[in-house]
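Colleague: Dropping a structure here in structure tokens format, bear with me for questions.
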Amino acid sequence: MEPSQRSGSFSSISRRRSRVDSRPTYFKVTSKDLGFVDQVSEEYEFYTYPKKASEVESVTETFQSNRSSLVPTYPVDENANKLPPKVSIAFILINSLMSDMSLAVALPTSASYTQSLGGTNAFSGLVIGIPTLISLIFLYPMLCFANPKSANGYTLYFRPMVVSSFAHIFGHLLYCMAYRANWIYLILIGRMLNGIGFTTFLYHKKYTTDKLLVGQNRRTFLATMNILAQTLGFMAGPFLGGILAKATIHSKNAVWNQYTVASWVMLFMWFFYMLTIIFFFKEVTADKSEKVSQQKENDDEDRPKLSWKHKFLLFFLAEVAFIAYFTVNGYQASISIYTGKLYNYDAFQSGNFIALSALIVAPFILASSFLSRWLEDRHIMLGGLFLGILAVAIHLVLDAVHKLPMQVYFFLYSLMIYGYSIGSAPLISLSSKQLHPRHHNTASIVVQVGVSLSNTFGSICGGAIYNITTVGFISLCLGLAAVVYMQLIFMWGSLKCKTH
């Protein structure tokens, strides 16, 4: 075909296209389409030309309802502010306070009591620290006893509370009878029985952060209240031991004397506490609907396993607990020895030293319990650990140059107690927000293991402070804290609050 012919054919095609494009387009309209057009027309007139005030209100309500349907909504946790019965919270916190009183009541007189029976300062530190090691050994049997299968995932907190009361009653009894028997190891056996009672340290932390009892928004607050109860216990215990020792210093009675009187008082307090919880403690258990949901949760095979990241998190939390309580218990065990050599303090004065410090720190811990409303757990940990490290570092410098006035030492000791108390408060709360609920019990146990080991080894090192040397002991505390602080900074991003 020639080019002219090809161009002619193209021109004819373009003319036909132009005629087609210029023709009007017709659509087949059905009755359904007409109904849609009428509906759109009515809605346009309704929204655009209202005639009455009632019509205006109707238009506004319709617009707001349509608008709200376009706004994305997110599920709200209705149980975020849930709390268990207040009377039960009170009993748990009282148990925490009394447990710490039983642990610390021997601090002012432990060294002199063991020396009167032929012991040493290191043995005195063992007497103070051995109970928490025993509590670690009895932790698993207590878990089995408090978490039967019939509880459907709930923990029966009443059981460990009663067991702890019995253990403390008999532990204090044997501790008191050691002087009459003139057998130093009866002191140790009595403190070991106290250790069975100290298994409740786990349940204090667990109750205040239990996902089945406490809402997410309340966990850090209750955990800090538990720390406050512990602080008050460490205040009341040494004060009680010191003041009663001074009141009975001239007693020649082999049963009721300066070494045993405080333990007798604690025995009577535990007996009264046990009778009270039997009648007034309110246990929270699963109802029928919760039993069904709990059974489904237990049968779920798709629950996430503990990842390596979460395993490292658990190790880190246990490390924080160990180092914080190692330093606190080491300092407390060394108070009567350290102040006795530097400032010639007796048992009464060293007990007042510890008690006054706790009394001053307690209001600040109470005020800090409200920080969880504005700060994340990691921020609270960062600030608390920093204060503790700062106090220990200054103490190391002043002790090395032998220029440590009593007032300065008191301030540094109080600052260290406050910092580490606040820094270790959110550990269980943080784990409950980071881990799947399946692993919450594991987190509580891991943290409690760190606390128990630190109480034992910290008390032994504190009792042997002059065998280690004061600079060596303080340097050990500072070095351990520096390591965990660097780990906290390294893990900062992964500790951001999250829920499951």
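Using the three backbone atoms N, Cα and C, a Cβ is placed for every residue, glycine included.
So Swiss-Prot lists these for the protein:
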- 1-23: region 'Disordered' (REGION)
- 1-13: compositional bias 'Low complexity' (COMPBIAS)
- Ser9: phosphoserine (MOD_RES)
- 87-107: transmembrane segment (TRANSMEM)
- 126-146: transmembrane segment (TRANSMEM)
- 156-176: transmembrane segment (TRANSMEM)
- 183-203: transmembrane segment (TRANSMEM)
- 225-245: transmembrane segment (TRANSMEM)
- 261-281: transmembrane segment (TRANSMEM)
- 312-332: transmembrane segment (TRANSMEM)
- 351-371: transmembrane segment (TRANSMEM)
- 380-400: transmembrane segment (TRANSMEM)
- 408-428: transmembrane segment (TRANSMEM)
- 445-465: transmembrane segment (TRANSMEM)
- 471-491: transmembrane segment (TRANSMEM)
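Describe the structural context of each listed feature in the structure shown, including burial, neighbouring residues and relevant distances.
Modeller: Long-range neighbours of the transmembrane segment (87-107) within the same chain, counting only residues 6 or more positions beyond its ends whose Cβ lies under 8 Å from a Cβ of the stretch, are 113, 127-128, 131-132, 157, 161, 164, 168, 171-172, 175, 191, 194, 197-198, 200-201, 203-204, 207-208, 222, 225-226, 229-230, 232-234, 236-238, 240-241, 262-263, 266, 269-270, 273, 276-277, 280-284, 332-333, 335-336, 350-351, 354, 455.
Within the chain carrying the transmembrane segment (126-146), a Cβ under 8 angstroms from the stretch's Cβ atoms is held by residues 103, 106-107, 110, 114, 119, 155-157, 159-160, 163, 171, 187-188, 191-192, 194-199, 201-203, 329, 333, 441, 445, 448-449, 451-453, 455-460, 462-463, all 6 or more beyond its ends.
Within its own chain, the transmembrane segment (156-176) is flanked in space by residues 88, 91-92, 95, 98-99, 102, 106, 131, 142, 145-148, 186-187, 189-200, 203, 207, 255, 260, 263-264, 266-267, 270-271, 273-274, 277-278, 281, 283, 285, which lie at least six positions past its ends and keep a Cβ under 8 Å from the stretch.
For the transmembrane segment (183-203), the list of distant contacts is 92, 95-96, 99, 102-103, 106, 113-114, 117-119, 123, 126-128, 130-135, 137-139, 142, 146, 155, 157, 160-161, 163-168, 170-177, 263, 444-445, 448, 451-452: same-chain residues at least six beyond its ends, Cβ to Cβ under 8 Å.
Using a Cβ-Cβ cut-off under 8 Å and counting only residues 6 or more beyond its ends in the same chain, the transmembrane segment (225-245) has close neighbours at 92-94, 96-109, 204-205, 208, 258-259, 261-262, 265-266, 332, 335, 347-359, 361-362, 365-366, 369, 417, 421-422, 424-425.
When Cβ-Cβ distances below 8 Å are used as the criterion, the transmembrane segment (312-332) is approached by residues 104, 107, 128-129, 234, 238, 306, 354, 381, 385, 388, 392, 413, 416-417, 420-421, 423-424, 427, 430-431, 434-435, 442-443, 446-451, 453-455, 457-459, 461-462, 465, 473, 477, 480-481, 483-484, 487-488, 491, 494-495 of the same chain, each at least six residues removed from its ends.
Beyond its flanks by at least six residues, the transmembrane segment (380-400) meets 220, 320, 324, 327, 368, 371-372, 408-409, 412-413, 415-416, 418-427, 430, 470-471, 474-475, 477-478, 481-482, 484-485, 488-489, 495 of its own chain at Cβ-Cβ distances under 8 Å.
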Colleague: Is the transmembrane segment (351-371) packed against any residues at least 6 beyond its ends, judged by a Cβ distance under 8 Å, and which are they?
Modeller: 104, 107-108, 221, 224-225, 227-228, 231-232, 234-236, 238-243, 245, 332, 335, 339, 345, 380, 410, 413-414, 417-418, 421-422, 425
